[in-house]
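Here is what TrEMBL says about this protein:
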{"type": "BINDING", "residues": "18, 85, 103, 104", "note": "ATP binding site"}
{"type": "BINDING", "residues": "18, 78", "note": "substrate binding site"}
{"type": "TRANSMEM", "residues": "42-58", "note": "transmembrane segment"}
{"type": "TRANSMEM", "residues": "64-84", "note": "transmembrane segment"}
{"type": "ACT_SITE", "residues": "78", "note": "active site, proton acceptor"}
{"type": "BINDING", "residues": "85", "note": "divalent metal cation binding site"}
{"type": "TRANSMEM", "residues": "105-125", "note": "transmembrane segment"}
Ligand SMILES: Nc1ncnc2c1ncn2[C@@H]1O[C@H](COP(=O)(O)OP(=O)(O)OP(=O)(O)O)[C@@H](O)[C@H]1O
């Protein structure tokens, strides 16, 4: 196991360097989520379809704002769910009722965001078509 201070000792000294390094960590996390989580790839595919649909229907700027926020919320929840799953697996690799509850609640957060995003998509669609 690599001690945490070894990593921080190699940190860039400048403020901008540290911010860029943090940005890189976040991008690495997103890449890891997409590479390891089939649900994340499905959410990305759905977001792509929604963007294509919005483009085809020429939805207005306000609708774009809501649609982008809804898609972003789902992907952000999936990222938090992935982090919770990882932490649970490291802290407790065996079966545990507490882990089951924690993972189920985290998965529930994704489901809530996905349902809300689907409702937003339907409302935008019916508003634009109507
Ligand atoms: N250590 C554990 N103890 C008890 N239940 C667990 C444990 N690990 C997983 N589970 C149960 O299995 C479900 C799926 O957990 P898993 O870590 O396999 O996530 P997953 O397959 O990526 O699912 P998703 O991302 O859809 O939530 C959890 O929601 C939980 O109910």
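In case you wondered, yes, glycine gets a Cβ from its N, Cα and C as well.
Note that TrEMBL annotation is computational and uncurated.
Around the Cβ of residue 18 (ATP binding site), a 10 Å sphere holds 12 further Cβ atoms from the protein chains shown. Rounded to a whole number, the distance between the Cα atoms of residue 78 (substrate binding site) and residue 85 (ATP binding site) is 10 Å. For the binding-site residues 78, 85, 104, the largest tally of other C-beta atoms within 10 A is found at 78. Residue pair residue 78 (substrate binding site) / residue 103 (ATP binding site) shows a Cα separation of 12 Å. When secondary structure is read from DSSP and collapsed to three states, residue 85 (ATP binding site) falls in the helix class.
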